[in-house]
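Now, the feature entries from Swiss-Prot:
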type     : residues           : note
ACT_SITE : 90                 : active site, electrophile
ACT_SITE : 159                : active site, proton acceptor
BINDING  : 8, 9, 10, 165, 197 : substrate binding site
């Protein structure tokens, strides 16, 4: 399976720097990168999607066409920008913004109905990890229960919460075991990405694991040269 690199800017990139980054990345890449490189700026960092060398996606959207949803963007906003790729289920939205499994299912089903490419994020906390691998498997299985695992436009990203933003990635053995388990659950055509303190120093080793189909990169993607280095490993 072709390897993938995704940059999640979260809320860390200044707006105009984000715009400049996207334009410079477009100049750097080639057409064959279009379905292999993805960038998720924050809402203000989004531009009309005329990019031909990478895929532009949104970090979040409310599951409605439009309406009285103060502070949200909806499918019509994204479609107007020609954006059809969306992150759903990131741990920061689950934990900080209290997005429940039922709401994530609603969001998934709505954007599946719009034929969006959905990057669905899962991952366990440290307490669960410390209980052992059986507990991790049960936790991750529950996170996948409410979505259609045979949806053809699905990508799953495994991000252990305890590794996000800590500068301490999961060990290669942990990634190998966890991805091996998840591959047994997922449709064989569904790409499975790893995220959690991925950087230019560890990306090549992680991508070397057969069951890792790509990377979801946070802070290490904020500097274009770092992201370009990671892309070179694909």
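Positions of Cβ are set from backbone N, Cα and C atoms, glycine also.
Since this is a predicted model, take the numbers as computed values, not measurements.
Structural mapping of features recorded in Swiss-Prot.
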{"residue": "8", "record": "substrate binding site", "Cβ within 10 Å": "26"}
{"residue": "9", "record": "substrate binding site", "Cβ within 10 Å": "21"}
{"residue": "10", "record": "substrate binding site", "Cβ within 10 Å": "17"}
{"residue": "90", "record": "active site, electrophile", "Cβ within 10 Å": "27"}
{"residue": "159", "record": "active site, proton acceptor", "Cβ within 10 Å": "25"}
{"residue": "165", "record": "substrate binding site", "Cβ within 10 Å": "13"}
{"residue": "197", "record": "substrate binding site", "Cβ within 10 Å": "20"}
Spatial neighbours of residue 90 (active site, electrophile) among the recorded positions 159, 165, 197, using Cα within 10 Å, are 159
Greatest Cα separation in angstrom, residues 8, 9, 10, 165, 197 binding substrate per the record, works out to 14
Any idea what the Cα distance is from residue 8 (substrate binding site) over to residue 159 (active site, proton acceptor), rounded to a whole Å? 12
